[in-house]
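Undergrad: One structure, as structure tokens, below. Some questions next.
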């Protein structure tokens, strides 16, 4: 049994998937065909039968699944099936841009079984990937070899070798495994035996750079004693640990029972320790919520999405509730809904005046409710761009009330008129509405106030540049009739137009917030950075991409965060370096979608200016030393068998202007399995609180430009020092299972 499923041996859910069964695959109202689905013996790949003769293998990895949804929840199932099959339906959504798989089982019970079984095995894979260290049996290597040798002939075929790799908890890409197998098969029999097997294991696990580090500290009969390990942890890793901690590490990670009995750490055990999730480059304490969550809401950077309903571009791409699910599962805490009148008195969401498809407002709210708090418990802001008639606004208010229920904030917390925002902690599990409001919030606390006669508000629309110029010329914005039911739901995030920082300070309540197009915001962040920071000490600001970005491209969010802007909305559906940086910013604090701003960005008397950098608490000059040592199992960019990558590594710093920098290694020719660079870089960082470190691996190509392989971004303040492995994420922000970098990092006070 494969290692991640070792705890599931005999499990009914696992057996159900291994046996598989027929499901009706749905593509359209007329295309519904029976296909056989089953989990392959590796317990991580789903196979489905295809009737097309020349079709390539129809498989997908369980690890590629984002979520399994029971019922007619996808757009495809809603459009192409009848209500009477609701309980028999389920859909599989993927992390990549792969189309959702819509399926119908023969009964409701069978559909539930598929959903629960897939979820359970997926959870096992996730748990396994976070901690790949299992207890090993005595003489663990030989024991695993015997288990892998299914026919007991003391030889290993290629399939048995792959089984052996899984048993020893080493994930190897199939292409690399095949390459190593052929290298070791000196007898050309298609089987490995005796010394060939040992040679295979040595090739697979040999890390010259680890040999050097281990050799420098293994001073006890060629092994590391607890004291040797303690010396390594304190001198190299700069960790505050004790001898007892060193003993615990040996107990947990040493695979050889003989060495463990003597309280010694072998090279294998040392490598396993370095591969452990908690010893990688990201500080494990920052994986949990570690910041103060009791500050006012506007004192946090908030993970935010623009045009959340879109799966692709802004002109003709599909709108989908699945786009909301994907954004929320990535920790997004502010989603956007562009609302327009639909048929049958049902408001719809789409990108107005374009060919993007439409989804029902109520379906979007239902999907948001279901997935809002799967990744984070902290509040979700629903940013409404409202173009609906009064009648359909009333329908919107009804849907939000009936679907979100008590989770929807419809009145201020506490007694009386508030003077500040509540905290993320106080708003856990709650939804806030951002949108237009007919009157000031204070009016709702005045007794016997007559209903507002004026039901007009200026329409808030993310206009393109031409529309904006027209509005300036006419000196008046479009007017929108507003339904009181919807207006009254806007409590802490009332949308207003921006007329300058002075006007905002004098005339606006804390809850009145403006949205800024990227160019306007960038201008303010460059020319009036300190004023923008002070504005954001009291109020919320939302930034959105220019209307000219029809391809859903993104702008750099960092200068806006540097100016204290909280809701810096990006197109989550687009894979790009800007989204990588956004993911890196919100990687920490439990992936809660909220990151506390530094104290000097929460203080009304702050003189912090990220452009000029005068003296103050923000100035903490550091020198960052990065040695890019090696890489492991970097995936091929081109999937053709003959294609081997020529990898190089870029190390980038994002932050205040003075800190922005990038440096690059040389390319290593034709080696993605175990390239070694051993190149040193040094960076000066003046405001570490706002700095992000990004590792980017590219495939060098002198003719067509370097191609992206993987990347990892994290806040500089969340770095673990010393020798560290760096996981790599693909262009969609998902973990590449067996790939990584090995680096040495050190942050020192600048002299």
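Just so it is clear, glycine is given a Cβ too, placed from its N, Cα and C backbone atoms.
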Undergrad: So which range, 449-478, 479-508, 509-538, 539-568, gets flagged region 'Disordered' in TrEMBL?
TA: 449-478
Undergrad: Applying a 10 Å Cβ distance cut-off over all chains shown, what neighbour count does residue 670 (Ca(2+) 4 binding site) have?
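TA: Excluding its own Cβ, residue 670 (Ca(2+) 4 binding site) sees 12 Cβ atoms within 10 Å.
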Undergrad: Over all pairs in 434, 436, 515, 542, the listed substrate binding residues, work out the largest Cα-Cα distance in Å.
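TA: This binding site's residues have a maximal Cα-Cα distance of 14 Å.
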Undergrad: At the level of the C-alpha atoms, what whole-angstrom distance separates residue 306 (active site) and residue 700 (Ca(2+) 5 binding site)?
TA: 33
Undergrad: Which whole-number value in Å describes the distance between the Cα atoms of residue 646 (Ca(2+) 4 binding site) and residue 336 (Ca(2+) 3 binding site)?
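TA: With distance taken Cα to Cα, residue 336 (Ca(2+) 3 binding site) is 41 Å from residue 646 (Ca(2+) 4 binding site).
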Undergrad: Using DSSP, how many residues in the domain 'PH' (16-123) fall into helix, strand and coil?
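TA: Split by secondary structure, the domain 'PH' (16-123) comes out as 35 helix, 37 strand, 36 coil.
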Undergrad: Rounded to a whole number, how many Å is the Cα of residue 434 (substrate binding site) away from the Cα of residue 385 (Ca(2+) 3 binding site)?
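TA: Between the Cα atoms of residue 434 (substrate binding site) and residue 385 (Ca(2+) 3 binding site), the distance comes to 9 Å.
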Undergrad: Have a look at the binding-site residues (646, 701) and report the one with the fewest Cβ neighbours inside 10 Å.
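TA: Each of the binding-site residues 646, 701 was scored by Cβ atoms within 10 Å; lowest is 701.
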Undergrad: What Cα-Cα separation, expressed in whole Å, is found between residue 644 (Ca(2+) 4 binding site) and residue 436 (substrate binding site)?
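TA: Counting only the Cα atoms, the answer is 55 Å.
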Undergrad: Between residue 385 (Ca(2+) 3 binding site) and residue 351 (active site), what is the CA-CA distance rounded to a whole number of Å?
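TA: That separation, Cα to Cα, works out to 10 Å.
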Undergrad: Which Cβ among the recorded positions (306, 351, 436, 542) has the fewest C-beta neighbours inside 10 Å?
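TA: Minimum Cβ neighbour count within 10 Å, taken over the recorded positions 306, 351, 436, 542, occurs at 436.
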